[in-house]
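What follows is a single structure, written as structure tokens, with notes after it.
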Amino acid sequence: MPSQVPPAGVWCPAVTLFDPKTDKVDFENQARYFHYLSTTGLAGLVVLGTNAETMLLTREERKALIATARRAVGPSFPIMAGVGSHSTAQTLEFISDAATAGANSVLVLPCCYFGGATTPQVLENFYGQVAARSELPIVIYNFPGVCNGVDLSSDFIEAMAKRHSNIVGVKLTCGSVAKITRLAAALPKEEFAVFGGQADFIIGGLSSGSSGCIAAFANVAPRCVVRINELYHQGKHAEALALHQKTALAEQAIKGGIALTKYAAAIHSATYAGIQDAPAKMAPRRPYVAPAAAVQDMLSAVDTMSDHKAYEVNEKSANASSDVQGKDEGLYRVQTEHSVIHGHVDNADQLQRHLGNRQVQLIAIGGSIGTATFVSIANGLVKGGPGSLFLAYTIYTCMLGLVNNAMAEMSSFMPVTGGFIRMAGHWVDSAMGFWADWNFFLYEAILIPFEISALNLVLKFWSDDIPVAAVVAVCIVLYFAINAFVVKAYGETEFWLALGKVFLILIVFSFTFITMVGGNPKKDAYGFRYWNNPGAFAEYNTTGELGRFEGFLGCLWSAAFTVVGPEYLSMLSGEVKLPRTYLKNAYKVTYARFAFFFIGSALCVGIVIPYNESTLLEIMSGAAGGAGTAAASPYVIAMKNLKVSGLPHLTNALLCTSIFSAGNAYTYYGTRSLYGLALEGQAPKFLKKCTKKGVPFYCLLVTICFPFLGFLNVNAGSAKVLTWFINIITGAQIINYIVICITYLFFYRAVKAQGVDRKAMPYYGYFQPYGTWISMIFLILVLGCYGYGTFLPGNFTIDGLFTYYMMVFLAPVLFFGWKFLKRTKMVKAHEADLVWEKAYIDAYEASFAEEAKGFWQEILEMFTCGMKGRKKSSEYA
């Protein structure tokens, strides 16, 4: 069993940082500070000690500070939490909170409010009752200066330690080396640790048998105090004493109180923690004030012996410690300050940030525009007619715009690998993250064979004798090859394929406009003819108003399958250069992309072809045979009907590249979502392994198994298989957006509870949280009604029910299964991890050598082969 005794060495009772405007705890910079201290060679951190101004903190703030420290330093770095209070009951409450938040031990002041009434019997009762019920090992804290003069004797401390095995140490801030000597003589070090309470008698304490010290001065010059301890234990007593004497002179300047300690830390060590405007953030909490200007000048002149230059902790030891902690799932994968090197360590995982602005913009298009936009959209037209199609796509696109608004704010704030699916686990519930991630992975994985099925359908434009199995096999090989190498190769491939999609969109939109005004071989200016005959609104399943309403619902289900986008940008987060700039820009462009691509497509399809066109009806019903399946796209059907030669071949060729591109994108997203599962410990550990180029190879191998479902096309018709996949995918897709909405509402609640200014974030989402509530309620209704047709008389089939609601049925199994297995709890607003990898990403962006480039600037550099751009980009090859 591991020892409960706190490790020997130097501990730092960390100060607390506050936002100078709001006077609330600044958790973001607090995490930076905790992390920095953990890299200086300290034996551990004391959180909520006297210097943390603990008595000025709320219970929620206390818990949140311990949790922040645990995330910042990783799971193995020792944390001791101060839990001092004036009553037994409240002390036990604080101990319970500390255990939940991740502390290893607790530092307990005596109950002392009534001073003289605090007799030895009261103290014995207090420590005895606390020890009997404490969840964590106890370190007694003897500090008469803050305890109404209550000074614990060495005899009392010894007796309590011998009586209660979980009393494992003491901190003596009473200036008594004699107590250290007596306790060290009476209690073995392997069972009880004696810590001095100041740095200026560390050598005296060590000489008397102490385990080290818990010193406020470690906030100011941690490496100096650590170095003294090291030199002493190395037998270099003369060197240790010389450094100790200099340190004692420096420490004398901060003896006047917490305000002095905090100001000295702000000007001498906070810089190394990456904290901007540290003197303001390290000022005491109100109503207390910062030191006077003259005192500040004096503290600025204090010589801390160049703490970060002359007295580096054993570098090999520090690096080894950092490497060990880097393997943990802590906040930063604790490494040295120099670990943020482009192309080497870009994230708190093994992925690398190689995607530029132009690639991000086009990849987002590649993931959102595929078969549905050019082929499957005809399903909606057949069911509801052009009016219902346009209306449904407009409404659904507006709802997805609200989802994009929420996703943009979260992703720009915290652009982590795995995107929204990991955010759900960190900000809502681990079980929610588990469900969301597996739902998204299955959604992406099933989309790959869907695209291959669609490709087989479209290839029959040229011949009915297409070797289906060969097409499937070629796609699998190509998808694997493109995704198996550096992400930049995928980015470049997808960039060019996505450009082809944009070109195709422009072709079909231009075709629509030119031919509707008479620019076609028939000289037929048909305009909006098909909106009048056969009409704008088709009847589906039944007749009359109910039939037209059901037709509108059919168009809405089509929109639910076709309109996508925000989730794909989120999944790119971990591999984007300057993520906060490029992702923010991409999310802003998404609104225009929604309007142009999706609403524009719904309008154009309803213009160029009537909903009762015979070839279209045959294809959508799966009854077409021979040449009837050749023109799978409504645009190609329209071109053939208007006797436009040549263009159908070009359109179909570009359509093939569009479909292939979508399958390629889904292979990438499926791989990254599975990698996110592995990072969260919700998939086998071996899936976390990446190649030297940052590709999660084992995740790719698992994902590439799903395209083999495309071989179903060999025995079943492509249209029928396509329908199966569409039904399964649509339900999963709607669930993705519901998860995003739920995650944002929890994120919004946490931001508000923790006093984070949303307007200071890279992207500020307007109309929140109301927009997210509206979209979530709408999406839940769509999901619940999606497969209603299965329950109509004469329509019920087992495969219909299964394909429509498979992902809905799977949801509670995944969510509650993980929740019961791991006993997870919903994340409370004040405990939500709004720090997470934020500081690490801040450091990455701050160290980035290049300035952010605009989309067109990157395009220009690409075509002009600008030498400046090529030289810089070579760093990432």
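Cβ atoms are placed via backbone N, Cα and C, with glycine included.
Bear in mind that TrEMBL entries carry predicted annotations, made automatically and left uncurated.
The structure displayed is predicted, hence computed values, not measured ones.
Taken from TrEMBL, the feature domain 'Amino acid permease/ SLC12A' covers 360-828. If you look up TrEMBL, you'll see 362-382, 389-408, 440-459, 466-486, 498-519, 590-611, 617-638, 695-712, 724-748, 769-789, 801-821 marked as transmembrane segment.
Mean pLDDT of the predicted structure over the domain 'Amino acid permease/ SLC12A' (360-828): 83. Counting Cβ pairs under 8 Å that are 6 or more residues apart, the transmembrane segment (769-789) and the transmembrane segment (389-408) reach 3 or more and are in contact.
Distant neighbours of the transmembrane segment (724-748): 376, 379, 400, 403, 406-407, 409-410, 420-421, 423-424, 427-428, 432, 435-436, 439-440, 442-443, 446-447, 449-450, 453, 557, 560-561, 564, 566-567, 570, 758, 768-769, 772-773, 775-776, 779-780, 782-783, 786-787, 799-800, 803-808, 811, 827, 829, 832; these residues of the same chain sit at least 6 beyond its ends, with a Cβ under 8 Å from one of its Cβ atoms. Packing against the transmembrane segment (389-408) from elsewhere in the chain are residues 377, 380-381, 420, 552, 555-556, 558-560, 562-567, 569-570, 583-584, 587-588, 590-591, 594-595, 598-599, 601-603, 605-606, 737, 740-741, 744, 763, 765-768, 771-772, 774-775, 778-779, 782: each is 6 or more residues past its ends and has a CB under 8 Å from a CB in it. Cβ atoms under 8 Å from those of the transmembrane segment (498-519) belong to residues 362-363, 365-366, 369, 373-374, 525-528, 596-597, 600-601, 604, 607-608, 635, 638-639, 642, 644, 647, 650-651, 654-655, 657-658, 661 of the same chain, restricted to positions at least 6 beyond its ends. Remote same-chain partners of the transmembrane segment (801-821), defined as residues 6 or more beyond its termini with a Cβ less than 8 Å from a stretch Cβ, comprise 429-432, 434-435, 438-439, 442-443, 682, 723-724, 727-728, 731-732, 735, 783, 786-787, 790.
In this chain, the transmembrane segment (590-611) lies out of contact with the transmembrane segment (440-459); the count of Cβ pairs under 8 Å, excluding pairs fewer than 6 apart in sequence, is fewer than 3.
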